[in-house]
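So that you can see what the record holds, here are the features copied from TrEMBL:
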TRANSMEM  105-126  transmembrane segment
TRANSMEM  146-165  transmembrane segment
TRANSMEM  202-218  transmembrane segment
TRANSMEM  230-263  transmembrane segment
TRANSMEM  283-309  transmembrane segment
DOMAIN    338-394  domain 'MIR'
DOMAIN    407-463  domain 'MIR'
DOMAIN    468-525  domain 'MIR'
TRANSMEM  600-619  transmembrane segment
TRANSMEM  639-658  transmembrane segment
TRANSMEM  670-696  transmembrane segment
TRANSMEM  702-724  transmembrane segment
Amino acid sequence: MCPAAVGVGLAESGLRLRRGRCRAKAPGVPVSGPELAVGDGGLCSKQPPPPRPKPPGQAVGWVLLATITSLAFATRFHRLHEPAHVCWDETHFGKMGSYYINRTFFFDVHPPLGKMLIGLAGYLSGYDGTFPFQKPGDKYEHHNYIGMRGFCAFLGSWLIPFAYITVLELSRSQPAALLAAALLTFDTGCLTLSQYILLDPILMFFIMAAMLSMVKYNSCADRPFSACWWLWLSLTGVSLAGALGVKFVGLFIVLHVGLNTISDLWQLLGDLNLTMVTLGKHLAARILCLIVFPLILYTTLFAVHFIILNRSGPGDGFFSSAFQSRLLGNNLHNASIPEHLAYGSVITVKNLRMASGYLHSHWHLYPEGVGARQQQVTAYQHKDYNNLWIVKKHDANTDPLDPSFPVEFVRHGDIIRLEHKETSRNLHSHQHEAPMTRKHYQVTGYGVNGTGDSNDFWRIEVMNRKSENRIKVLRSHIRLIHLATGCVLGSSGKTLPKWGWEQLEVTCTPYLKETPNSVWNVEDHINPKLPNISLDVLKPSFAEILLESHMVMIRGNSGLKPKENEVTSKPWHWPVNYQGLRFSGVNETDFRVYLLGNPVIWWLNLVSIGLYLLLGSITTVSMQRGLQLTAEVKGLCQVLLRGGGQVLLGWLLHYFPFFMMGRVLYYHHYFPAMLFSSMLTGILWDTVLRFCAYYLSSFPLANWVHIFGISLLILGIAYSFYLFHPLSYGMVGPMAQDPQSPMAGLKWLETWEF
């Protein structure tokens, strides 16, 4: 860390104020000290301001940093083992850590770095990957879960010293940095998120690391291409790759650094002392460290992800047949199957839309009021016996597998019938409206033992056909055209309600334009009368599986829907702390943990954002109008506008994009933005109190205004943590509305559920 990081910033100058017009001292009159007169025209200095006091020794700065870091670790690791059961999303990310230990392939909507690190922490701490993580409340018993929780708590603890150093660098004020650190240390929400097996502390660690590194390399701008400058620029790139590698919302900090870099380069372009060669070096250094290096790291972590997860698992069905052929244990890995489709073959048909699934049916019927009350046909994203269909001729019901019949291949343009193997009902469509998609037709299973009607007939077309008319397994892209209505079989990608088991809707669309939704390929193929070929030729390249995995993640993310009885929220709820999340327990006898930000801190942050916008606007207008300010006041204004503006931009970029998202949203999505609002609060109130001390300097004890104000804020925040800490560390007994409850009188909003 550079020595400036532990220096003190703007300190009280001891200037005295008096009311009146600016007048010069008479010649020969000694000047006893710095004075400032407040005249009709504003502020004017009678003599140059005194030099800034020297910062305290580095030892004092390091002691403060060590104290803050120790307190952060103490609060995060306190009672880390409680409760000894699965809490909230540990059921997902703990399970995914187990998948890495077992090398089992799975699908998740987030990039893999966070889950890989959780799995690594579990492996190094002795966890064997055998706990099922089935549902919240399951006891861990003899399984070692502390290593994974401890890893998340370790990264969550570093948020506080990172915020401290960042604010210190932006404001040059240790009181401002101490206040920001106190806000994060004593926030019950940040504490709770840091104590469990979740992606959030890992994501916030990389976001704060990127912010700190960016601020540090900005401070090295007067020493370009020095070792310190290269170090912080490179660490910024590493942190950006880390943030994006945990969740796609890491793009917000990427955008933040990008805007800072553009501004930085724009300033350099205006420096006429720099040659074009030097400007080119600056541009090349930023491209290398902030674009090329992070992309290499990001790509590498996916390569490691694919190498580790090389065994077939629950995520296979989300990916293409070619992707699955590389997974050990998958029925397509090193498989040999018949190459060409023939009548009598038992097949699975997979939709080519990313993350869509297999053509599927089951015994359940569509409910009353949803088209015809016939058997449901859906798209299912997992391997299942109900995905199997038998290919038959449309005008014959004989068994093509009878040894007395010759093999007859299915060809482009043939009219076929698909009979569901388990239920013996035919794939069917008619002019009833589809359940979810307007102007599309319903697709059902119809008939008895393969006997139906003319609405069971489909014409098969090969979209990527060259010269051969036969249907190639896995390689031929086919469409199924309904003979009676002319519509095309497809998957809309929409999730059906509970009656459809939350599988994906299959429709028959009258729009004949070729799209991935309406194109399929034959994957599994069973026909004992045909010779087999090896599928090794289908294995995709790394670039192909990297692109496919991102397409599947993006589609999966945008399609996330709330689960039954799940508490969701809206972005405007978050800054006001409108509603929290139950991490553990519901009843009085349960060990209850409730994710809720410390309301004193969150409401102070909200007030601070509004006050900053007001004061920032007044300051900007005043400086634009040419108001004469002393060096001391100018310094405070620059801290307010530049340092505060930097973290305000971070808050805006990490909050407002959620208003434009169509996916389901949760309260914990606000916490990266909360980090920035807390840093803004530290900078704002330190600056405001310095202004107050400055303008009251003619009064006795005015110098104590700043110190007393910061101390009062920190003590108030610490006391509020004392009141609300059971939310994080756990509660047992009466609910908050009961006078005997430890939280009695603290349920300030009816929407809080503790």
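Cβ atoms are placed via backbone N, Cα and C, with glycine included.
Just so it is clear, the model here is predicted, and its values are computed rather than measured.
In the domain 'MIR' (468-525), helix, strand and coil residues by DSSP number 6 helix, 27 strand, 25 coil.
When Cβ distances are compared across the two stretches, the transmembrane segment (230-263) makes no contact with the transmembrane segment (146-165), since fewer than 3 pairs at least 6 residues apart fall below 8 angstroms. Using the rule of three or more Cβ pairs under 8 Å, pairs at least 6 apart in sequence, the transmembrane segment (702-724) is in contact with the transmembrane segment (600-619).
Broken down by DSSP into helix, strand and coil, the domain 'MIR' (338-394) contains 3 helix, 28 strand, 26 coil. Only residues 6 or more beyond the boundaries of the transmembrane segment (105-126), in the same chain, are considered here, and those with a CB under 8 A from a CB of the stretch are 92-94, 96-99, 144-148, 150-152, 197, 199, 202-203, 242, 244-248, 298, 301-302, 304-305, 308-316, 318-319, 327, 355, 552-553, 556-557, 560. Proximity of distant same-chain residues to the transmembrane segment (600-619), defined by a Cβ-Cβ separation under 8 Å and at least 6 residues beyond the stretch ends, is recorded for 183, 186-187, 189, 575-577, 637, 640-641, 644-645, 648, 651, 674, 677-678, 680-681, 684-685, 688, 713, 716-717, 720. The average per-residue pLDDT of the prediction over the domain 'MIR' (468-525) is 90, rounded to a whole number. Here the transmembrane segment (283-309) has long-range neighbours at 99-100, 103-106, 111-113, 116, 225, 230, 233-234, 236-238, 240-242, 244-245, 257-258, 261, 264-265, 542, 545-546, 549, meaning same-chain residues at least 6 beyond its ends whose C-beta is under 8 angstroms from one of its own. Secondary structure of the domain 'MIR' (407-463) per DSSP (helix as H, G, I; strand as E, B; remaining residues coil): 3 helix, 29 strand, 25 coil.
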